[in-house]
Amino acid sequence: MSNKEFPFPPLSTASNGTTPVVQIKQSTSVLPDFLQSINLKYVKLGYHYLVTHFLSLCLVPLISVTFVQASQMNYQDLQNLYLHLKLNLASIIIFSALFVFGTTVYIMTRPRSIYLVDYSCYHPPEHLKVKFSKFMGHSRLSGDFNESSLEFQRKILERSGLGEETYLPEALHDVPPRPSMATAREEAEQVMFGALDNLFNNTNVKPKDIGILVVNCSLFNPTPSLSAMIVNKYKMRGNIKSFNLGGMGCSAGVIAIDLAKDMLQVHRNTYAVVVSMENITQNRYFGNNKAMLIPNCLFRVGGAAILLSNKSGDKRRAKYKVVHVVRTHKGADDTAFKCVYQEQDDNGKTGVSLSKDLMSIAGNALKTNITTLGPLVLPISEQLLFFMSLVARKLFHAKIKPYIPDFKMAFEHFCIHAGGRAVIDELEKNLQLSPLHVEASRMTLHRFGNTSSSSIWYELAYIEAKGRIRKGHRIWQIAFGSGFKCNSAVWQALTNVKPSPNSPWEDCIHRYPVQLDY
């Protein structure tokens, strides 16, 4: 739906929140033209409120009638009611037993609540910052790129949405670069252990208390695994359930959360730690295939560690509760499968190729994902509007555009994977979001670059640092990844959330949001 079709400001607009009223001069004896003066935004809100609370509103007259009838009962009526119940004692006992049995079964089989106690994002040291001039200078000095490729990288950097303070690993600051197994391990250790040390310090949870460990990293999978490196570093217990996810792209962070959530449903009274990261050291492309050069310009160092719990006692100190995880996989389609593809170029140099069809494939994956997610999160009013629009178009062949559900009615905050400027632009447009809704994504891309699966956690940390999350607010994390996948995680705030100590935005949040030039 374009602004021309729906010319009213979004719910979260930074303006005064009202639609301009057309002033019409009339005599005092004539009523004002309400069609011109009324703010239809509030009519829509009223409609949503009415439909959402329809059942509650229907209960009001029923409760009122019951109360009036009860107030008119005298002693004789109460005695007759007692005798009636006494004569039907067997039926009452059977009903009570069935009620207790059913309640017990429900309590025993319902899914456990999974809480996000806290999380930590890795903040690289200052000496790893890479300005555009340094990036281009080192690219030229490496001798691997021709003039056309250098110019292409320069243009990508300028249009990418990245700022001058993103980070590259130590080995790529050297001339020539030092990509090796040893330096890749160093990068992995710095990111994983940096995030985990901060997480354990902030939560006072001991590493030996962790019962489940899930690590995701797409492009670096050494032996022993990254999860084994963590177990060894922190001397975790021998019966820990550990998992190492590789090759699953930038949306693997949500997959890791889903896996940890399912494991916590099975194993009682324990903690799960999820570590989401990517490794760049061995995965920079040193060739001249332009489709493979784009990741060089976008991907930067970053990682996050997340502590989940199924302990009821942790609800008091937890930040969020898991509400939904919805995963969409388009890998059965060959075009989608190959749109993000690691391969060798004609000269035998390895890189990740991005297809020109990437955005359209991401759009189709998003459509499937939100079709599944919508009924779980949207108010019934939005679902009715969508259904009526569909019926009008399909059955009555009405020439109207499809109704796009207003996801702002379901979520207060959006964490869109900072995969690149184009990804954020398209989701802002297609989901009809305001600049405020995508601010966290744009600023994360500007400050930290594309940190792959961990970017959605830097974005959540940004919203927390701005003090915007209140108790009951719902957060939608959405990420895209190779395969091709689109995955969503929905969280609900359990308190007015404050940023944790050593937040990645702690030293710079006062400078954001910044004005972007593109």
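Including glycine, each Cβ sits where the backbone N, Cα and C put it.
The feature transmembrane segment is assigned by TrEMBL to 47-68 (among others).
Feature annotation from TrEMBL assigns transmembrane segment to 89-108 (among others).
Under the heading domain 'FAE', TrEMBL lists 106-395.
Positions annotated as active site by TrEMBL: Cys250 (among others). Within 10 Å of the C-beta of Cys250 (active site) there are 29 other C-beta atoms, taking all protein chains into account.
Shown in sequence order, Gly483, Phe484, Lys485 are the residues of the chain, 6+ apart in sequence, with a C-beta less than 8 angstroms from the C-beta of His329 (active site). Sequence annotations record features per position, and here TrEMBL assigns active site to His329 (among others).
If you look up TrEMBL, you'll see 412-492 marked as domain 'Beta-ketoacyl-[acyl-carrier-protein] synthase III C-terminal'.
Taken from TrEMBL, the feature active site covers His413 (among others).
What TrEMBL records for His417 (among others) is active site. Under 8 Å, Cβ to Cβ, and six or more positions away along its own chain, His417 (active site) finds Cys250, Ser251, Val423, Ser441, Ser455, Ile456, Ile478, Ala479, Phe480.
Per TrEMBL, active site is recorded for His446 (among others). Residue density at His446 (active site): 21 other Cβ atoms are found within 10 A of its Cβ, drawing on all protein chains shown.
If you look up TrEMBL, you'll see Asn450 (among others) marked as active site.
Per-residue pLDDT, averaged across the domain 'Beta-ketoacyl-[acyl-carrier-protein] synthase III C-terminal' (412-492), gives 95.
Put simply, His413 (active site) is 20 Å from Asn450 (active site) when counted between their Cα atoms. Around His413 (active site), the same-chain residues six or more apart in sequence whose CB sits under 8 Å from its CB are His437, Ala440, Leu460, Ile463, Arg468, Ile469, His473, Arg474, Ile475, Trp476, listed in sequence order.
Asn450 (active site) counts 25 other C-beta atoms within 10 Å of its own C-beta, drawing on all protein chains shown.
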